[in-house]
Structure formats: C-alpha cells, structure tokens
Amino acid sequence: MLLLIECVARCDSDQSDAKYWHNLATERILRYESKRTKINGNEEMAKNVIIFIGDGMGISTVTASRILKIQLPISKQIHDQKRHQKQHDLNNKNVNNLLKKLQQSEDGSLSFESFEMVSLVKTYILDSQVGDSGACATAIMSGVKANFETVGVNGKVKLNDCLATMDPTVRVSSVIDWAQQQGKSTGFVTTTRVTHATPAALYAHSASRYWESDDRMMSNHSDNNVKNSEFCKDIARQLIEDEPGKNLNVIMGGGRRNLLPKNNGGRRQDDRNLINVWLNDKKQRGLEAKFVSNIEMLREFDSDKVDYLLGIFADNHMAHEADRNDTIEPSLALMSLKAIEILKHNPQGFLLVIESGRIDHAHHLNNAYRALTDTLALDDAVEQVYQKVNKSNTLLLVTADHSHVFAFGGFPARGNPILGIDDQTSDSDKLPYTTLMYTNGPGYRKFRENLSEINTTDRDFIQQSAIPKRWETHGGEDVPLYVTGPRSEIFAGIMDQTFIPYGISYATCMGPMEPLFCKKDSNFPIHNQKSNHHYNDKHQSQSISIVDNNNDKQQSDGDINDEYDDDDVHENQRNQRNQRHQNQHRQQQQQTESLGHYHYHHEFVFSSTSSSTDKPMDNFSNNQSHIVVLDNVHSVDDDMKIVKTKLKAKQQQQQQYRPNLMTSSSSSSSSVLFYCLKLDDDDDDDHHHHQLGLRGNHHHDDDDEKHHGLAAF
C-alpha cells in the first residue's frame, strides 16, 4: 500500500507571519517522516550543534577557493625555489613536480565537501529577490523571512520602523533561544563586529541592522525624524543587557567601538561602557567570566575555570586573513577551538555559530584574493573543529547567507592560476581578461586595462567588473549547505533558507519541532530549564497538542511560567527546578483537559478510504468547534510505519471551526486528510491561535509561491 502525503501546511499565504514558515517547515518534515523506511527506536539525537556561516560564500566562491587551496602553497614553493636558483637550473626535477601538481589543482576539496549531505538553499527575502545579511541570517537562525536589512523580526517590520518593534509578537526567537531553553550552553564567533548583521540575528530584534550603537540610531539611518534610541535599544545593548544575549557563554569578534563611550575610544553617545556592564553582570550573578582583547590573552586563560568569555579583538571588524597580524588577532580556527573548550563543560550540550564574515566585504570591493583566502580560513576552522568534536552526537552545518555576483569563466587550461588571466583574449578589444570577475562593482573601467603586464594574483588586485557600482552587490542564486551528524538527512534536497533552523530543531529535539516529533522516552533527555517566554510567542504563543486516544492522555508542551534563575549553578538545584517544571507542566495538561480547551491543534487525520467519494467530515458544522482524536494506531506495511486512524469529533464551546478538507482522488492508495483550524481573532492575547491547513493529495512546490522582489540596494 502506498501512502501519499502531499499537504500544504498553511491556510493562508501571509509570508510576513512567522507561522507561515513554521507550517511550511512542518510540512517538509512530515514528508520526510513518511518516507523513512527504517526507524531505530534508539536513534541518537544531536546533543551539540555547530553552524558555520561563510558570509557571501556562493558556489563560485567555494569552487575558486578549492582550487586556490592547492595552488597557493605550490605557487609559493615554486617562487621560493626560483628565487634561490640560477636561471639555467629552473627546469629541475623539483620545480617540474610542483608544476605537475599545479595542473591537478582542480582535483582538490575543502574540508566540508566530504560531509555526507549537500543541498541547495534558496536565499530570497520577503521584499527582495536578492537578500542582505540581516534578513538572510534571520531566516537561517529563526526560520522567518524578513524585510531587507532588518534583523530578528518578522515581515511585519519594515526597515527603520523602530516603533513596529515595540510589539513583542513581531520579535522572533532564534536557535540561541531554543538552545538556552534546553539548558544548553551557547555562543558565537565572528571575524566581523559582534554587533554586525549575521551575529545580531542570533540575539537582537531591530528594524535596522545598522543600529549597532546608539550613535547610528541618531543618524540618517532613521526615518520620520524619530529619535529611535529613546524607544528602541541598539544592537550592542541588546547583546549585553537582554536575553538571550547576556546568557551567551561565548562572544568573540571585533567591534569594540560599539561597546565603549566616545570619551573612551568608542562611539556610544550614552556614556555606557558595555564591556564593564557585561563583567559586572556576570559578577553579580556569581558566574566565572573573562574578558580578553588579544591573542595572547586568549591563549593563556584557563578555559576550565571560565564559563563566560567575551573576546573583542578589534575596534572595527577583525582583519582579513590575508592581513591578520598573528601576534594580535587570533585566527577563526583558534577562536572556534577556544569557544568549544568552554561550551563543552555543559553536559546538556551546546550550540555554537562560527562566521567567516569578511568574505562578503572583499567581494563587495571586487577583491577576489581576500574573499578566497577568508573562505580558506573558514575551511581551516571547519577541519580543526571537526577533528575535536564527538561526531556521534554533534550536528555540523556549513552554509552561506547569500551569494555574490562573482563569476568563474573563460576557457583557461588545467592548472591555470585561478587568480590569473585566461589563455584567450577578448574578441572585441583583443585584451586579456581574468578567470574570475564580477558582474558589477568598483572594478569597472570605461576603457579596459591591458592585464598582461599586471600581477593579477596580488592580494590588492581588484577584479574587473561589467557594470560600475561603488560596491558590488549580492547574488540571488541558491547557496550550498553541507551537513554531517545525527539526522543530517533531514536537510536533503532543495530547501528554503527558513527550513534550516527547523531542521536543527528536529535533529536536536529543541525549539518548535520538539512537541511535534520528539518522544518523551527519547534517549536524549529533554529539559526545559529556562522560561518559554522567547519561544512561546516569538514563533507561536500557543501550546501545541497532539492527542493520542491509545494512551488516553494529551502530550503537550505548554507554557512554563516559572522563570529559570541563572544563579542556580548547582546541579541539585537544577534538578529540583526541573521537577517543579515537570509538575507544573502536568498540572497545566490536566487543567487543559478538564476545561476542554486546546490552544492550538496540529493533528494528523488519516483516512484509509479507497474511494474519493467518502466525505468523513460532512457532519461538521461551520459554527461548531471540534477536536480530532487519533486512535487505532497500527502498522500496515513492513517497509514503512504508517498510522491508520478513526476520526472522532467532539463539540466544543467558545471556539469556531471551519473545515477545509480534501480527500485523495486515487482509489489505489490511502489518503491523508488534514484540516484547517480557524479560531476567533479576539481570543485572549496570551493564547494566540494560528491557522493551519494541511490538505491531502495536493502537491505543493515552493517555487509556486509568487514573490515580488524589490531592488532595495
């Protein structure tokens, strides 16, 4: 018997609402679950998660970096040998061997290209076909499409609209929130400012990615003459003062100027020294914390005695890898390894985000050399981290937030320097051109230069571009995703960027997918040690119920109102708190059942009817509320576990139900029926209800959704 699960996980198409993307991700996971042929009851969940972001690392960047990884050291060896040899000895055996290796440079690979799962990710954002780092990072970290240059908010917030962010329902939770709610340690490492767009999406909610400090909120980056700093916190303050930022165990990168006041070498207008604020906060909470500002301090501190680390190594961004002074600034790999040394203290696991953020900046300047060498720095960090972690319980992901208009073309011979010129010349002006070039950017010249006498492999060389622009723009094509670790197969195929955090949620049993797909007897225990304030109404403030009549009880993940106290550092206190949470959770379930009130339903209604004329829901009234109860669960196939259910309806008061059903038109297969739950819009604000539509036998393709882009550059 063939089970067809073709459903659309939404009743409406309001892409500005977080629930749209939540339901879309749920649908994808349901399809994956239906195709799994073997289910291991003791299947391991991911305990740790490491997300690597190559900012602007599109496919052409990956390909060119792979070649440069082989060519760069070989070219250096050839250069060194030529420099120490006489002219008549240049064709010796050593040089010839190196030249042969150079001709095979296309055969190399980057460390993460060996990961077992490789996918493509769509990067468009809510109001533009081509995304920026802020909105794309929001999609990666929170699973929501956002508007251009906003961070940590849903599509209801437009660029620079400070007042819109005052509504807490527009603020979306991130994977950092979800991990902290599970009692995991969290952190991020970046080569940009720690308040820059990509890391900001982890912890901040801002109508502009540029509001990194209060001085930016008073500049022309604000609309309507509103003094935004009086209403909204800048990103730096959110990092240091608010959750989840202040609970991050590791923060490393640049951007000291946004943390210090003007009279102390910074840019802040409010006289706050946020580094001191961070240190004082940890001291008041009795936490072991350390601030470091250079590579020597980072190497020397004892990570076994520190649970919280703030490392700020530059006033602005950290240097490109090609320019890094290794006596002052640590490498991305070193920062990553030091972060793991701290995060691994927690037996509950950790979540770490590692960004090579300056690939993007070099591309904007049409400087391929620095873009590629920064990509190789990410490659090195991935390789070193991969060697250190427990591969059986750690999920590793490598991806980009967006691409660039960076082209790899012509017909160069094998082994030709990737930063060099093609063997052929232009048909028009008979001048040579580089293998790597850009569609637009500062490399444009009205009259092309003759590159035959120019060293195009120099680190400062600016690649040619076809269209003049002060800064090169991002590219809108799909970017790669490389994954390894527990349940990495959930990331197979082509997906929207918003699916990435939901896939992580599914693989780790934390966040929004936990109540839908995680069993309570999982061998990876689930502990909600922190208040659900962030999760429960950044994605959905309602609880999610799945009713199984076989067990005659409700499995629900409801609100936990007891605030987690970060001062509880002793294990016995944590255990006592967990027990109180579980007791409260149980009481809430009993109260919910006794009142007959369900905040939100995500039920799966299966029908094994063989005729499309069957209408099991005909007796439903539009003016009555119903609950679908699953029962009679049993296996019907050796290769696939399928549930067959009997539909029951119970009338409820104080709610309205609007059925929206479709049955399979095929008489040879079981059909899967889903319904759309529509509740009153004027319900208590504490229990926001969402629509959910899942229709049987209706194919949905992400590409069918019309998206109107804006040229917001």
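Even glycines carry a Cβ here, placed using N, Cα and C.
Owing to the predicted nature of the structure, the values given are computational and were not obtained by experimental measurement.
Quick look at what TrEMBL annotates:
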BINDING   Asp55, Asp360, His364, Asp401, His402, His474  Zn(2+) binding site
BINDING   Asp55, His196, Thr198, Glu355  Mg(2+) binding site
ACT_SITE  Ser133  active site, phosphoserine intermediate
REGION    549-568  region 'Disordered'
COMPBIAS  559-568  compositional bias 'Acidic residues'
REGION    689-713  region 'Disordered'
COMPBIAS  689-698  compositional bias 'Basic residues'
COMPBIAS  699-713  compositional bias 'Basic and acidic residues'
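Here the features listed in TrEMBL are placed on the structure.
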residue: Asp55; record: Zn(2+) binding site; contacts (Cβ under 8 Å, 6+ apart): Ser133, Thr192, Thr198, Glu355, Ser356, Gly357, Arg358, Ile359, Asp360, Ala400, Asp401
residue: His196; record: Mg(2+) binding site; contacts (Cβ under 8 Å, 6+ apart): Ser133, Thr190, Arg209, Glu212, Gly253, Gly255, His317, Gly357
residue: His364; record: Zn(2+) binding site; contacts (Cβ under 8 Å, 6+ apart): His404, Gly441, Trp471, Glu472
residue: His402; record: Zn(2+) binding site; contacts (Cβ under 8 Å, 6+ apart): Gly56, Gly58, Thr123, Val130, Gly131, Asp132, Ser133, Cys136, His474, Gly475, Gly476, Val479
* Asked: Using an 8 Å cut-off from the Cβ centroid of Asp55, Asp360, His364, Asp401, His402, His474, can you name the remaining same-chain residues around the Zn(2+) site, in sequence order?
  -> Gly56, Asp132, Ser133, Cys136, Ile359, His363, Ala400, Ser403, His404
* To do: Check Glu355 (Mg(2+) binding site) against DSSP and tell me helix, strand or coil, would you?
  => strand
* Other than its own, how many Cβ atoms are within 10 Å of the Cβ belonging to Asp401 (Zn(2+) binding site)? -> 31
* Check His474 (Zn(2+) binding site) against DSSP and tell me helix, strand or coil, would you? => strand
* **Secondary-structure category, per DSSP, in which the residue listed as 'active site, phosphoserine intermediate' falls** => helix
* His364 (Zn(2+) binding site): secondary structure state under DSSP, collapsed to three categories -> helix
